[in-house]
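Trainee: Pasting in a structure now, in structure tokens, and then I'll have a few things to ask.
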Amino acid sequence: MSLIKKKNKDIRIIPLGGVGEIAKNMYIVEVDDEMFMLDAGLMFPEDEMLGIDIVIPDISYVLENKDKLKGIFLTHGHEHAIGAVSYVLEQLDAPVYGSKLTIALIKENMKARNIDKKVRYYTVNNDSIMRFKNVNISFFNTTHSIPDSLGVCIHTSYGAIVYTGEFKFDQSLHGHYAPDIKRMAEIGEEGVFVLISDSTEAEKPGYNTPENVIEHHMYDAFAKVRGRLIVSCYASNFIRIQQVLNIASKLNRKVSFLGRSLESSFNIARKMGYFDIPKDLLIPITEVDNYPKNEVIIIATGMQGEPVEALSQMAQHKHKIMNIEEGDSVFLAITASANMEVIIANTLNELVRAGAHIIPNNKKIHASSHGCMEELKMMINIMKPEYFIPVQGEFKMQIAHAKLAAEAGVAPEKIFLVEKGDVINYNGKDMILNEKVNSGNILIDGIGIGDVGNIVLRDRHLLAEDGIFIAVVTLDPKNRRIAAGPEIQSRGFVYVRESEDLLREAEEKVREIVEAGLQEKRIEWSEIKQNMRDQISKLLFESTKRRPMIIPVISEI
């Protein structure tokens with residue numbers, strides 16, 4: 001596709017998520033008076049986000065300009081690309097563009113959240129062209145761990161703005177996983193103005209091991225297992241799940257799934273023909289014990305840390321459905337993120353202690369779903385962009401990707417390292433980063449959207465680490481006396497029976513503070529409560545070196 005004939009004036013590129021982090025992808029591209037959203041993903045909470053279910057990007061800037069939004073363009077069906085779509089559509093109206101599988105998964109998300117809203121869905125593929133007033137938009141097939149992944153190409157009068165989505169190059173894959181390198185080369189020859197590209201594995205040298213080689217080595221490893229085999233992987237890694245199904249069929253083992261997160265997406269993809277499953281291969285998890293141990297494979301799946309958590313429970317004999325037994329073999333088909341490394345190491349120790357054999361996870365038997373250094377350079381060389389923006393990674397990964405782009409020939413001054421909310425402006429002459437819009441995290445707790453802030457998280461940390469200390473007093477303000485109490489209650493702070501002296505001392509301190517407040521000309525309840533918080537906190541810290549949350553409760557008769 002050649003450049004559009006209309007001369008564009010202004011272009012703005014704004015990351016609202018997916019930079020400085022591996023998740024929550026969302027990038028805004030504005031061409032004159034039209035706005036396009038590239039991916040709308042979520043992030044699963046970090047350890048310190050106590051009680052938070054998911055995190056989505058702050059879209060206040062989009063809401064302020066919602067009349068300009070022409071569509072949400074999705075690269076693939078993983079949660080960090082589509083997980084925020086239903087939350088976005090609750091707040092505005094916009095058509096949604098994606099591959100057949102991606103659109104099906106979005107519809108399922110909307111149904112699961114009981115959002116009954118008429119949405120315009122457009123199924124697109126490698127040959128689709130969407131025409132707008134200022135731009136045309138086309139797509140190209142990429143390889144990721146889920147079928148029908150796409151890159152997005154916004155054609156402007158200056159050249160194409162290409163968003164790769166999450167990708168790798170693997171020419172051993174075919175069908176729904178095959179990359180269309182010919183189409184990419186055509187886009188590169190037509191002229192790429194800006195390349196926005198995946199940085200997740202920008203620090204990993206070389207190439208990923210081809211998936212056909214991975215499957216061969218997995219077969220060799222699994223064939224040596226004499227007992228029950230448990231494979232732990234993410235529910236979203238359809239390539240790995242298909243490989244396990246293939247190997248199980250060759251080894252005459254039945255397969256059972258353990259984990260609720262897989263059910264809906266797997267069943268949707270299965271009905272649409274994305275999985276090749278031999279007849280009678282799958283059995284319910286409740287029937288596993290009906291087969292000899294050397295005739296079954298259990299695939300423990302889930303999102304984020306769920307598969308590892310399930311293994312930990314199984315190792316400790318705390319799982320509701322099944323537990324690790326002597327002679328079991330376990331394979332973790334998971335690429336550990338930084339915050340998961342310690343958890344995985346601890347879980348492996350628990351599994352070994354429970355009698356399991358661990359099949360080593362190495363480059364021969366496991367590959368990332370993101371391109372390594374040489375694959376990233378290959379994309380840059382194919383596209384030959386004038387400007388380059390590394391995204392989808394921690395900041396150090398973005399920096400590593402920027403260095404690769406410079407090595408591949410992109411002028412260093414035309415490489416932009418961006419953070420959430422940064423605005424890259426192009427006015428027809430210069431590309432500059434000189435502006436910022438509102439951005440950040442929206443924390444979702446249950447059905448509450450954005451009503452959990454830093455203060456609430458701080459309080460949850462306090463409760464989790466140091467517990468809670470409640471002082472209850474009933475007052476007779478008319479006669480200026482304590483009618484009942486003080487009564488002290490604590491949870492998660494100290495073992496009451498071993499700390500009776502400390503609690504009695506705290507009661508006396510509360511009595512002293514309240515009686516002093518009752519002697520004032522004007523009784524100030526807020527001041528009495530604050531004095532209780534300050535002085536009790538000081539007393540408890542001096543005795544225990546801990547600071548529980550202090551809650552004074554004062555009632556009147």
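Positions of Cβ are set from backbone N, Cα and C atoms, glycine also.
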Trainee: Of the candidates H144, H155, H216, which does Swiss-Prot annotate as part of the Zn(2+) site that also includes H76, H78, E166?
Mentor: H144
Trainee: So how many other Cβ atoms are close to H144 (Zn(2+) binding site), meaning within 10 Å of its Cβ?
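Mentor: Here the count is 28.
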Trainee: Spatially, which candidate from the binding-site residues H76, H78, H144, E166 is nearest to H366 (substrate binding site), comparing Cα atoms?
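Mentor: The smallest Cα gap between H366 (substrate binding site) and any of the binding-site residues is with H144.
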Trainee: Taking the Cα of E166 (Zn(2+) binding site) as the centre, which of the binding-site residues listed as A367, S368, S369, H370 lie within 10 Å of it?
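Mentor: Checking Cα-Cα distances against E166 (Zn(2+) binding site), the binding-site residues within 10 Å turn out to be S369, H370.
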Trainee: Taking only C-alpha atoms and a 10 A limit, tell me which of H76, H78, H144 are near H370 (substrate binding site). These are the binding-site residues.
Mentor: H144
Trainee: Could you measure between A367 (substrate binding site) and H76 (Zn(2+) binding site) for me? Cα positions, answer in whole angstrom.
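Mentor: It is 19 Å, counting Cα to Cα.
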Trainee: Counting other Cβ atoms within 10 Å, pick out the least crowded of the binding-site residues S368, S369.
Mentor: S368
